[in-house]
Amino acid sequence: MRIVFDIGGSVLVPENPDIDFIKEIAYQLTKVSEDHEVAVVVGGGKLARKYIEVAEKFNSSETFKDFIGIQITRANAMLLIAALREKAYPVVVEDFWEAWKAVQLKKIPVMGGTHPGHTTDAVAALLAEFLKADLLVVITNVDGVYTADPKKDPTAKKIKKMKPEELLEIVGKGIEKAGSSSVIDPLAAKIIARSGIKTIVIGKEDAKDLFRVIKGDHNGTTIEP
């Protein structure tokens with residue numbers, strides 16, 4: 001299979017870089033890449049939001065703040081490249097053609113953000129569509145898609161299986177600003193819906209056994225037509 005992994009910055013760098021998790025996810029990705037083609041997109045997380053909050057004090061535009069976030073995602077991507085060592089494509093990939101070339105070289109391309117207005121969720125969904133991937137795996141700080149934000153609504157229930165259209169109903173009303181964070185952002189949900197790509201949303205614990213996840217054995221949410 002060809003698989004794109006979308007790793008949230010809040011998972012990789014919650015407050016500071018989670019060295020143990022970075023080592024573990026690098027090991028898991030390396031093992032999966034022995035039998036499958038793998039590409040990765042890394043988010044900015046809290047660090048990106050901290051920088052964006054400071055930029056707001058200077059009345060920076062949303063586009064300018066997006067550029068700040070993109071730089072942080074690429075710094076996070078470099079940490080994962082360091083952990084993947086020789087298995088990774090040696091530089092942060094900045095466009096889909098380069099990612100495709102890296103996959104052909106049997107390397108793992110690691111991307112951050114690309115363009116203002118696109119979250120890394122959207123980048124991952126677009127990359128999966130571009131590469132004609134068989135599977136998109138979203139690793140986030142919430143262990144699946146819920147009927148509402150479980151951090152704000154105690155009655156929220158996890159959805160084990162859903163169609164892309166149902167995902168759009170849940171997340172499609174959001175307005176994305178620089179540094180916005182949701183389990184999957186509206187643009188990514190639209191791309192997932194139009195491409196029909198099978199998507200799995202999991203939390204940090206499930207990410208410790210990616211072979212099990214890609215076989216469908218996980219505690220998260222599966223999204224497919």
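Placement of Cβ uses the backbone N, Cα and C atoms for every residue, glycine included.
Annotated features in Swiss-Prot:
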- Asp6, Thr120, Asp121: Mg(2+) 1 binding site (BINDING)
- Gly9, Ser10, Gly45, Arg49, Thr140, Asn141, Tyr146, Asp149, Ser182: ATP binding site (BINDING)
- Gly44, Asp66, Thr114, His115, Pro116, Gly117, His118, Thr119, Thr120, Gly179: UMP binding site (BINDING)
- Asp121, Ser182: Mg(2+) 2 binding site (BINDING)
Cα separation, Gly44 (UMP binding site) to Asp121 (Mg(2+) 1 binding site) (Å, whole number): 11
Distance [Cα-Cα, Å, rounded] between Tyr146 (ATP binding site) and Pro116 (UMP binding site): 27
Other same-chain residues whose Cβ falls within 8 Å of the Cβ centroid of Asp6, Thr120, Asp121, the recorded Mg(2+) 1 site, in sequence order: Ile7, Gly8, Val41, Gly43, Thr119, Ala122, Val123, Ala124, Ala125, Val138, Ile184, Asp185, Ala188
Cβ neighbours within the same chain of Thr140 (ATP binding site) - under 8 Å, at least six residues apart: Gly8, Ser10, Val11, Val183, Val201, Ile202, Gly203
Thr120 (Mg(2+) 1 binding site) versus Gly44 (UMP binding site) - Cα distance in angstrom: 8
Three-state secondary structure, which DSSP defines for Gly9 (ATP binding site): helix
Cα-nearest neighbour of Gly45 (ATP binding site) within the listed binding-site residues, Thr114, Pro116, His118, Thr120: Thr120
DSSP-derived class (H/G/I helix, E/B strand, else coil) of Asp121 (Mg(2+) 1 binding site): helix
Distance [Cα-Cα, Å, rounded] between His118 (UMP binding site) and Asp6 (Mg(2+) 1 binding site): 14
